[in-house]
Amino acid sequence: MGIVLTFALNAVLNLVVGLVVAGVLGPAEYGRFAIASMAAIVLFTALFDWVRLSATRFTHGDAKEAGLDASLDAAYLAMVALVLVGAAGIAVAGPSLGLPPGLVLVVAVAAAATGLIEIGAARTRALFLNGAYIRLILAKNVLAFVLMVAAAWLTHSALWVLAMFALANGLASLASGRRLRPVPSALSKATRNHLATFARYGFPIVVANLVYQGIVLLNRGVVADRFGFAEAGQLSLATDLTIRLFLSVGAALDAYLFQVAVRRQAEEGEAEGRRQIALNMLIVLAVLSFLGASYAAAMPALEAIFVPQQFRGSFGPLALAMLPGVLAFCFGQFAVGPVFQLTHRTSALLWTTLVALAVDGVLLWFVPAEAGLLAIAAIHSLSLAAGLLAALVTASSLRGCWPTLGQVGTVLLAALLALGAMWPMRSLGSPWLALIAAGLVGPVVFAGTLWLLDLGGLRQALASQVRRLRRASASPT
């Protein structure tokens, strides 16, 4: 539970930092920052994410894991060397390519620093070191807020803000030190077998994620080319905050639920691991569907309270246009994706992402040049939904990994009823009053529906838990 709460706090702090930085930089400079930071994320994904994924999947805390930990360290350091050498070469040729050398180097360092903290965080989660993980994430977010906001305020430069993001990640990781690696490791113990296993497992997922990130860059590039950086900034804030919110919540669930499935498979067999995946899928669906309903119902209040003045008016429609696709993407990542990961069929993810890219590219090709930002956001949303559909078709042959249709229907019905109950709150005069009212009504309707329809034996499970607590409290101490 500590990890899940930390993820939730991380999501809130990321949103706060993004909103404050956007408000200080303004739409045009924030558009530049969004594109530069997205380039750093793409570079991190391409070179470091396979190491993070392998740390999550294969770290268990056994004393014999020194070779595995050493291999993770060796893989990370090799990627750091590669990215720095590549960045130096590009920086030298940068002026002839139209790329500022400083921007190239900052993007490279940001990617390497992100890799350092993400791999360390993955290790702590895999080992259920809740305290170390919480300290790491809190340190990163506090440093990021102070350094990035200060850079935005003092320089109004996207480059310096991204540099402070990299510095915050690096300082937080170095402050945590060896506590991120509880099993002693030495690079000489790294093995080719471990590295090959990491590559086979992680590379298909990395390529799939790169395709999705490429879609984001493609759409932002189209907007910047057609309408300018200010419009790209408008689209970027709505896209970034919506995706970041739902990704953070989904990742919070996945950080715990996937480790439970991995452990259950290791201790009780593949069939039990698949049953856990089915339960996890239902939990992810419930959380995402309720959060999506709440986000849609409360959008006017959220925009009025939290979105910087320069971005209001366009933020709400763009965020709502992105919402169906973002929900589909997150469900694919954190509910359907683990089906492929647990069964070591990660290569199947590749074609599903190509479907999303093809849909996005075709729709962008045919959309009129005069079409506005809302059309680009809708195209992005449709492409993400197409990717989920392809993933569901691909995974449908795997048995024992799925909740029943009745359970899925119950969750979706509860979300629709909650949306209907919260929607009238939009008409309340005060944004804060509307937000509080929706926050009170929505959970009651959603949870009440799940309770009345007894989703997955919910009433029986809670009744059993209450009986156990009563017996424990009644027993002599």
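Cβ atoms here come from the backbone N, Cα and C positions, even for glycine.
Counting same-chain residues at least six beyond the ends of the transmembrane segment (7-27), those with a Cβ under 8 angstroms from any Cβ of the stretch are 33, 137-138, 141, 144-145, 148-149, 152-153, 156, 158, 161, 229-231, 233-234, 237, 240-241, 244-245, 248-249, 251-253, 255, 306-311. Annotated transmembrane segment per TrEMBL: 7-27 (among others), in sequence order.
Under the heading transmembrane segment, TrEMBL lists 74-93 (among others).
Here TrEMBL flags 99-121 (among others) as transmembrane segment.
Marked as transmembrane segment by TrEMBL: 133-153 (among others).
TrEMBL lists 159-177 (among others) with the feature transmembrane segment.
Taken from TrEMBL, the feature transmembrane segment covers 198-215 (among others). Through the fold, the transmembrane segment (198-215) approaches residues 38, 41-42, 45-46, 49-51, 53-54, 57-58, 71-72, 75, 329, 337, 341, 344, 346-350, 352-354, 356-357, 360, 380, 383-384, 387 of its own chain, all at least 6 residues removed from its boundaries and within a Cβ separation under 8 Å.
The annotation transmembrane segment is assigned in TrEMBL to 235-257 (among others).
Annotated transmembrane segment per TrEMBL: 277-298 (among others), in sequence order.
Residues or ranges marked as transmembrane segment in TrEMBL: 318-336 (among others).
Positions annotated as transmembrane segment by TrEMBL: 373-393 (among others).
For 405-425 (among others), the entry in TrEMBL reads transmembrane segment. Cβ atoms under 8 Å from those of the transmembrane segment (405-425) belong to residues 282, 285-286, 289-290, 292-294, 296-298, 301, 434, 437-438, 441-443, 445-447, 449-450, 453, 455-456 of the same chain, restricted to positions at least 6 beyond its ends.
According to TrEMBL, the transmembrane segment annotation covers 431-453 (among others).
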(message) Suppose I define contact as three or more CB-CB distances under 8 A, residues 6 or more apart in sequence; do the transmembrane segment (235-257) and the transmembrane segment (318-336) meet it?
(response) yes
(request) Residue list, the transmembrane segment (159-177) vs rest of chain: Cβ under 8 Å, 6 or more residues beyond ends. (result) 21, 25, 33, 36-37, 40, 100, 102-103, 106-107, 109-110, 112-114, 116-117, 120, 132, 135-136, 139-140, 143-144, 147-148, 150-152
(message) Please report, as numbers and ranges, the same-chain residues at least 6 past the borders of the transmembrane segment (99-121) whose CB is under 8 Å from any CB of it.
(response) 36-37, 39-41, 43-44, 47-49, 51-52, 55, 72, 76, 79-80, 83-84, 86-88, 90-92, 133, 136-137, 140, 159, 162-163, 165-167, 169-170, 172-173, 176, 180-181
(message) Using a Cβ cut-off under 8 Å, which residues of the same chain at least 6 positions beyond either end of the transmembrane segment (133-153) come close to it?
(response) 2-3, 6-7, 9-10, 13-14, 16-17, 20-21, 24-25, 117, 120-121, 124-125, 160-161, 163-165, 167-169, 171-173, 175-176, 180
(message) Under 8 Å between C-beta atoms and at least six residues away from its ends: which parts of the chain pack against the transmembrane segment (277-298)?
(response) 242, 245-246, 249-250, 253-254, 257-258, 260-261, 319-320, 323, 327, 330-331, 334-336, 338-339, 342, 400-403, 407-408, 411-412, 414-416, 418-419, 422-423, 425-426, 434-435, 438-439, 442-443, 446, 450, 455-456
